[in-house]
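**Student:** The NAD(+) binding site annotation in Swiss-Prot covers Asp35, Ala36, Glu37, Tyr38, Asp39, Ser84, Leu85, Glu116, Arg139, Glu179, Lys295, Lys319. As annotated by Swiss-Prot, active site, N6-AMP-lysine intermediate applies to Lys118, with the evidence given as sequence analysis. Marked as Zn(2+) binding site by Swiss-Prot on the basis of sequence analysis: Cys413, Cys416, Cys431, Cys436. The feature domain 'BRCT' is assigned by Swiss-Prot to 593-672.
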Amino acid sequence: MMDAESARKNIEDLKARIEYHNRRYYQLDDPEISDAEYDSLLQELIALEKQFPQWLTEDSPSRRIGAAPLSKFAPAVHLSPMLSLANAFSEEEILEFDRRLKRFLDSSERLSFVVEPKIDGVAVNLIYSSGVLTTGATRGDGAKGEDVTQNIRTLHTIPLKIQNGSDERLPEQIEIRGEIYMETAAFRKLNERRLAAGEPPFANPRNAAAGSLRQLDASITARRPLKMFCYAVGIVRGRAFTYHHDVLHALKKWGFSVNPFIRQVEGIEKCIEFYRELQDLRNELPYEIDGMVIKVDDLSLQTRLGAVSRSPRWAVACKFAATQATTVIRDIIVNVGRTGTLTPVALMTPVKVGGVTVSRATLHNQDEIDKKDIRIGDTVLVQRAGDVIPEVVKVIVSNRSGREIPFKIPDTCPECGSEVVRLAGEAAHRCIGLSCPAQLRRHIQHFVSRGGMDIEGLGDKLVSQLVNQKLIHDPADLYYLSHDALLNLERMAEKSVSNLLSAIELSKHPSLDKIIFALGIRHVGEHISKILARRFRTLDALINTTENELLAIRDIGPEVSSSILEFFRNASNRRVIEKLKKAGVSPLETISPRSAPLTGKTFVFTGALSRMTRDEAKQIVESLGGQAAGTVTKKTDYVVAGEAAGSKLQKAQKAGIAILSEEEFLRLAGKI
């Protein structure tokens with residue numbers, strides 16, 4: 001039997017190894033071990049800590065799993081105030097900020113600044129004592145916030161213990177400030193899952209981050225895709241810094257995530273250049289930003305400048321123009337989804353929002369309509385952020401004429417006339433018709449989509465014809481369509497029929513993640529499909545999986561696991577899969593990540609590609625173990641430049657990143 005001292009050494013070794021692999025996975029996007037190996041290390045640690053509880057410490061990775069739910073959040077006092085920033089709304093106001101600094105300092109010398117994107121998230125304050133995380137709190141009123149330490153511990157991008165790879169002494173105590181946020185893609189997927197479960201969606205990524213962080217049950221926070229960028233420190237005891245950029249360098253060295261777009265610049269003119277650059281880059285970033293922050297770099301000057309009211313003189317938040325506009329709701333229609341969910345959609349007078357013309361906006365569900373009191377004929381404020389679907393923020397009640405018409409989701413399905421029900425505990429109304437053509441149409445559209453089987457030429461109108469003519473009753477029927485049956489459909493000539501049948505034949509050997517996505521399993525989007533494909537490698541292995549196997553995979557919780565198991569237990573679904581197999585549909589076995597030729601490499605595509613679409617290029621990269629990103633960063637290995645390549649190419653050239661032509665990329669990927 002292991003003695004206590006041996007257990008202590010094993011526990012310390014396991015903690016160090018797990019935190020190392022956490023950083024490789026969550027911060028560097030470069031894992032060295034499989035999920036199964038990681039889970040084995042974690043379970044070994046948990047077992048040892050249970051056997052030897054005297055060695056269970058606050059910085060243990062086992063603490064990330066989540067403690068017992070709280071009844072309420074306790075207050076947490078910050079060691080130093082978390083001040084709010086004054087705002088600048090134009091380039092002239094940015095110049096005035098610089099003039100104010102020089103007047104106060106009685107100096108005309110050019111100042112050095114640090115500029116950074118202003119993340120639209122939730123500000124938090126972390127306190128580390130002797131290198132160990134002891135408290136995590138929301139900003140609150142600036143003097144005290146809510147103690148959310150249990151939830152903070154579940155975020156893998158936040159070290160439980162400061163990493164120190166040198167002999168340099170760590171601060172005795174330090175406050176680390178940062179912004180907790182949710183990436184736009186993760187936000188969309190979270191809302192998709194919530195809508196599918198009949199839960200109200202979050203209005204925007206910031207609200208989703210705030211709601212996820214302020215969960216009394218930390219296990220819920222642990223399942224939400226939260227991340228954090230650190231941008232400053234408060235009280236520091238036992239360590240001195242000279243410049244703000246030194247602080248950021250130390251934070252990175254200690255294992256914290258710092259935004260890669262932060263820059264040190266000389267003079268206010270360079271700040272304005274960065275402000276313009278960020279506005280151009282804004283919609284390409286994987287997270288939402290609502291401006292830029294400028295800070296005086298010299299910490300001694302920050303001290304001299306001090307604060308006025310509740311804002312520091314040495315920093316300013318430079319806001320972007322709002323991505324909102326007003327318009328009028330002309331009508332409200334109801335769409336029926338593939339799971340039978342009825343979604344109300346506002347048809348609006350077209351209006352430009354964030355540079356894009358918007359004429360439709362989702363209203364989510366009846367609760368959302370009632371809460372905002374949205375009526376046909378209302379003047380409303382609509383919002384569009386990044387590529388998120390436009391939404392109605394609020395009604396301009398003062399514009400009402402009295403002729404506006406309240407809206408209620410119908411009691412019968414607008415597609416098939418079946419009864420519409422709302423199950424207890426759900427926000428969604430659902431059609432319960434077993435043969436609802438709208439549900440089948442949506443299911444087939446999902447199956448043949450680019451993210452699924454990617455069958456070219458099978459558009460929405462043709463799918464509707466196939467369903468209405470009762471030529472298909474499930475996705476597998478597509479592979480049994482005859483030449484003559486297709487030729488009898490509207491606008492289908494000999495050539496178009498031949499092309500469609502060829503496209504259907506070509507789709508028979510997709511990558512495994514594509515067929516998993518195409519099946520339409522509830523809560524399983526493209527991201528989870530890729531995770532499942534990497535883990536199980538064949539469809540049969542996934543079909544025969546167990547709950548324990550699924551729950552051992554990071555990013556898959558009880559809800560997703562239950563949905564997967566229920567799908568494959570369903571006799572009707574199993575029959576469809578058997579029909580697909582008999583038709584010759586056979587997904588390619590997923591390559592082990594370790595043997596894939598592009599493993600660990602990150603690609604960015606820019607310009608127009610002539611031999612493939614961007615999505616096809618991305619699929620090639622991911623199928624060979626690499627990653628496709630939207631922006632050029634220090635982590636980028638290759639930029640693939642097509643015709644009329646833009647700023648991404650210039651940035652890559654300046655950074656010395658390898659540039660590939662489309663042909664060179666295809667050769668590297670083994671496609672030519």
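Cβ atoms here come from the backbone N, Cα and C positions, even for glycine.
Just tell me what is around each of these and how deep it sits.
**Tutor:** For Leu85 (NAD(+) binding site), the number of other Cβ atoms no farther than 10 Å from its own Cβ, over all displayed protein chains, is 17.
Classification of Lys118 (active site, N6-AMP-lysine intermediate) by DSSP places it within a strand. Cβ-based neighbour count (10 Å, all protein chains) for Lys118 (active site, N6-AMP-lysine intermediate) stands at 21.
Counting every protein chain shown, the number of other Cβ atoms lying within 10 Å of the Cβ of Cys413 (Zn(2+) binding site) is 23.
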**Student:** Within a 10 Å radius of its Cβ, which of these binding-site residues (Cys416, Cys431, Cys436) has the fewest neighbouring Cβ atoms?
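**Tutor:** Output over binding-site residues Cys416, Cys431, Cys436: least Cβ neighbours within 10 Å is Cys416.
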**Student:** Have a look at the binding-site residues Leu85, Arg139, Lys295 and say which one has the shortest Cα distance to Cys413 (Zn(2+) binding site).
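**Tutor:** Ranked by Cα distance from Cys413 (Zn(2+) binding site), first place goes to Arg139.
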**Student:** What count of other C-beta atoms do you get within 10 angstroms of the C-beta of Glu37 (NAD(+) binding site), across all chains shown?
**Tutor:** 12
**Student:** With a radius of 8 angstroms around the mean position of the C-beta atoms of Cys413, Cys416, Cys431, Cys436, what other residues of the same chain does the Zn(2+) site pick up?
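**Tutor:** In sequence order, the nearby non-listed residues are Val336, Gly340, Thr412, Pro414, Glu415, Gly417, Ser418, Val420, Ile432, Gly433, Pro437, Ala438, Gln439.
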**Student:** Specify the nearest of the binding-site residues Glu37, Arg139, Lys295, Cys431 to Lys118 (active site, N6-AMP-lysine intermediate), where nearness means the distance between Cα atoms.
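**Tutor:** The answer is Lys295.
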**Student:** Could you tell me the mean pLDDT the prediction assigns to the domain 'BRCT' (593-672)?
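**Tutor:** So the average pLDDT across the domain 'BRCT' (593-672) works out to 82.
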**Student:** What number of additional C-beta atoms lies within 10 angstroms of the C-beta atom of Lys295 (NAD(+) binding site)?
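**Tutor:** Lys295 (NAD(+) binding site): 21 neighbouring Cβ atoms within 10 Å.
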**Student:** Counting by DSSP, what is the helix, strand and coil composition of the domain 'BRCT' (593-672)?
**Tutor:** 29 helix, 17 strand, 34 coil
**Student:** Three-state secondary structure of Glu37 (NAD(+) binding site) from DSSP?
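**Tutor:** In three-state terms, Glu37 (NAD(+) binding site) counts as helix.
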